[in-house]
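Colleague: Pulled from Swiss-Prot, these are the listed features:
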CARBOHYD  N54  N-linked glycosylation site
CARBOHYD  N143  N-linked glycosylation site
TOPO_DOM  1-8  topological domain 'Cytoplasmic'
TOPO_DOM  30-372  topological domain 'Lumenal'
TRANSMEM  9-29  transmembrane segment
Amino acid sequence: MKTKNVNLLFALVAVLLFGFSCFCISRMNQTNNQLINCRNHVLEFKETMLRLKNKSENNHQNLVKVLHQLKHKVAPAKPSGSILEKKVNMLDQDETVFNQFEVLKFFLPHLRTAGNIYPDIAIGRQRAGVSFALGITTIDRGNHTYLKQTLTSVLSRMTPEEEEDSVVIVSVADTDENYLKSVVHMVKTRFRKQVQSGALEVISIPALFYPQTLLEKKTTKNAKNWQIKQVLDFCILMLYAQPKATYYLQLEDDIVAKKMYFTKMKDFVNSVTSKDWFYIEFSVLGFIGKLFRSKDLMDFVHFFLIFYRAKPIDVLLDDIALLRMCSFGGPLRSCLQLKREVRVQYKPSLFQHVGTHSSFPGREQHLKDHYY
């Protein structure tokens, strides 16, 4: 009996050991499969990371190449002992002018099926070959307008000789025809002499220049579109002004100028000792009072159009100055020093911002140039 019990015990232990062995073998197989799957995932992850790394390196090389090209696209200007580095000749063919605007078709696909594109000229004698073109963009601000005050300040503080050697261009960047009519009427009534002499022009930008989304009614939800359209407004005005003068001065429709601002500006440009200044600031606010060589305007416009949806134009201007002078990965301190050499500042500022009602409906701004 005792032997029988021992045999049963051995049999039970054997069964238990067999079951445990089967369980262990099963778990080992599962673990092995999991390890194999894990290893496959790790290998797949490594391959993915390697592809991403290679792609990133390629993108980085391409980006550096593009930035390098942009950086050296605008050649340093040669020094000149005269205020006039080069007089721009009168345009002989309309085709020459139209080509200025063909660049828009590369960045704005909706224009690629259009024919010749050019702003509408509401008032103007097509003056060219002058030293300075002064550009002012304007849109309807509802019941608030500063344009007449701005034009009075800008034009009345020129000498007759300075007025003869310049052209002020007002660009109406508003699709409301009534606003265009009001601007034309005001200009013809208040500044008849300058209109007749060709010192003052008014152009209008047709709606077809803009992507349709930028023409939607302005709301707080699409405030970004207002900023985007503003960049295009400036670019179009720059393209129009580029063949007219040696220098281009950017103003806005809600500023006033200091007495003798034009004389001071002209004398300062002639006295700048830097051989390769990029642009000169006659105001520290935004895009107001920025002076460019007209021959450089196309390069600025190219850069602005590449990033016109990304940032306001004054920020893009700061970016291109950094790009112009700073090496990729170079020290920030030396970069900022080089930037100051190409972005020349004139103090005290020659222009002051006076508008409080923004061109964006319902928005107020109380920006002042403290160096004015």
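Glycine residues also receive a Cβ, built from the backbone N, Cα and C atoms like all the rest.
As the structure is a computational prediction, the values presented were derived from the model and not from experiment.
How about a rundown of where these features are and what they're close to?
Modeller: Listed in sequence order, the same-chain residues six or more apart from N143 (N-linked glycosylation site) with CB atoms under 8 A from its CB number zero; the list is none.
If you average pLDDT over the topological domain 'Cytoplasmic' (1-8) in this model, you get 59.
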Colleague: Under DSSP, is N143 (N-linked glycosylation site) part of a helix or a strand, or is it coil?
Modeller: coil
